[in-house]
Amino acid sequence: MRCRTRQRISERSQACVVKVSACSYSVCMATNLDELNAQSAYAPLPPIFAKLGLAYDDVLLLPNETDVIPSEVDTSTHLTRKIVMKAPVLSAAMDTVTESEMAIAMARNGGIGVLHRNLSIDDQAAQVDVVKRSESGMITDPLTVNPEVTLADLDKLCGKFHISGLPVVDKENKLVGIITNRDMRFIASEDYDTLKVKDVMTKENLVTGPSNISKDDAHRLLAQHKVEKLPLVDEEGHLTGLITVKDFVKTEQYPDATKDEQGRLRVAAGVGFLGDAWQRASALMEAGVDVLVVDTANGEARLALDMISRLKHDSAFDGVQIIGGNVGTRSGAQAMIEAGADAVKVGIGPGSICTTRIVAGVGVPQLTAVYEAAQACRAAGVPCIADGGIHYSGDIAKALVAGASSVMLGGTLAGCEEAPGEKVLLHGKQYKLYRGMGSLGAMAPRGKKSYSKDRYFQADVTSSDKVVPEGVEGEVPYRGPLNAVLYQMLGGLHQSMFYIGAHNIAEMPERGKFIRITDAGLRESHPHDIVMTTEAPNYSGFHNN
């Protein structure tokens, strides 16, 4: 009798092993997150529970048959309905990540920067202007200087816009000369306050071109006369434009740069939806911004959706694309689309400096959030931007396979030279300050106003000690110039496209298949059983601490 009982127990145990093995095998063969969710070993949950939420670290991509060469893949993608980028990356609208220097570097490397809004309207509009003037096929409204201006004032103007010289015009906008750093090279700085532009400018034998000059003819004139700036004038001598030799050099140096129809670098900027948000949006539009990002912690807020709709229905903003965010669900993305958004930004709390999921208990693990939102976006032909949670280049690939068109990077870029965060030395290593826009520091007043509190719906909180933060402040390792960081991040994406057999971004959701992994699988994926002596440029254990 005892033997028969043992036999039955043994048979039941074997059956359980077979059942678990079959389940494990089916998970390995899953093609998308819906299938992964359906394979849960748990009993069905009541309706109040959503499906299983997965983060990037919960999955890997399965290798696939491939004829792809990593160096030949096409990483171009739609940022919005109308704007295409060569690299599927944006820098985050954070005050320790993106100001004009980062935005310029991002656009030159094929992505785009989103200027943060934690500053005055005039200052943010000036940042847009700096980016748009940084290079151009032809500057149609060049900065100019009056002959009566002192060299001291001229020097300040050139320093502000990082330029080496300016056309000199009279009150009727007629060209009367040009002044460059060559004209000022041998003038003592103590004379800058007394000498005027007219005293040192070049006014004889000016090399100019007609308003309708071709690019090739302009290049020929610059080379023939060995000058760096070519003012363009009409028949009456009025200044109509300016072409510089540096723009030809930069076009060759940065062939994948994200540019507008006039050859200027593209730039995006964040706006809110309360208070002076409309005045901010209007000022940014007048400064030449290409994309406005209606930037809030919960994109499903009625006021945020109304702001998107208002911008899309105002003809003054016809030349500006509108991105809405952030959302974490399919229904949230659908609401953005119905409001008229040209792209939807996805991410509720995945960032390394965000505490929303802990403080508010709200959020969606990022891989699931991207996958769900992408279902609505794909059906409507609207690009989806995965914002946050990217630690390594492999995470970019996972986001794109899940349906994102591009990714937004914050902490990954905060350590770059171009990021505005302060550089500090800690234990003999260099770091840069990085903070969430929901941190106490970011929401603190700047002068008489706080520009970040309304992102977290706390604009009505007048006392700093009453603010409920949804972010933290810290430091990230200094990583050097942006182009080196992006080279490694995009290089990893190229390798991923090779492994899954995708020639371009559009093929990634079709070719990519996820396998869900355990904690042991994640540990096995990272370097293990070794003491690292030299860090690779694309891998650091920093995120695992």
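Note: Cβ is positioned from N, Cα and C throughout, glycine not excepted.
Feature annotations, courtesy of Swiss-Prot:
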- C354: active site, thioimidate intermediate (ACT_SITE)
- R455: active site, proton acceptor (ACT_SITE)
- D295, G347, I348, G349: NAD(+) binding site (BINDING)
- G349, G351, C354, E524, S525, H526: K(+) binding site (BINDING)
- S352, D387, G388, G389, G410, G411, Y434, R435, G436, M437, G438, E470: IMP binding site (BINDING)
- 138-194: domain 'CBS 1' (DOMAIN)
- 201-258: domain 'CBS 2' (DOMAIN)
Alpha-carbon distance [G349 (NAD(+) binding site); G438 (IMP binding site)] in Å: 11
Integer Å distance between the CA atoms belonging to H526 (K(+) binding site) and C354 (active site, thioimidate intermediate): 24
For IMP, whose listed binding residues are S352, D387, G388, G389, G410, G411, Y434, R435, G436, M437, G438, E470, the greatest C-alpha pairwise distance in Å: 16
Neighbour-count leader, CB within 10 A, binding-site residues: S352, S525: S352
Set of same-chain residues at least 6 away whose C-beta sits under 8 angstroms from G351 (K(+) binding site): D387, G388, G389, G410, G411, G436, G471
Extent of the NAD(+) binding site in Å [max Cα distance among D295, G347, I348, G349]: 14
Candidate nearest D295 (NAD(+) binding site) in space, where candidates are the recorded positions Y434, R455, H526 and distance is Cα-Cα: R455
Mapped DSSP class for G388 (IMP binding site), helix or strand or coil: coil
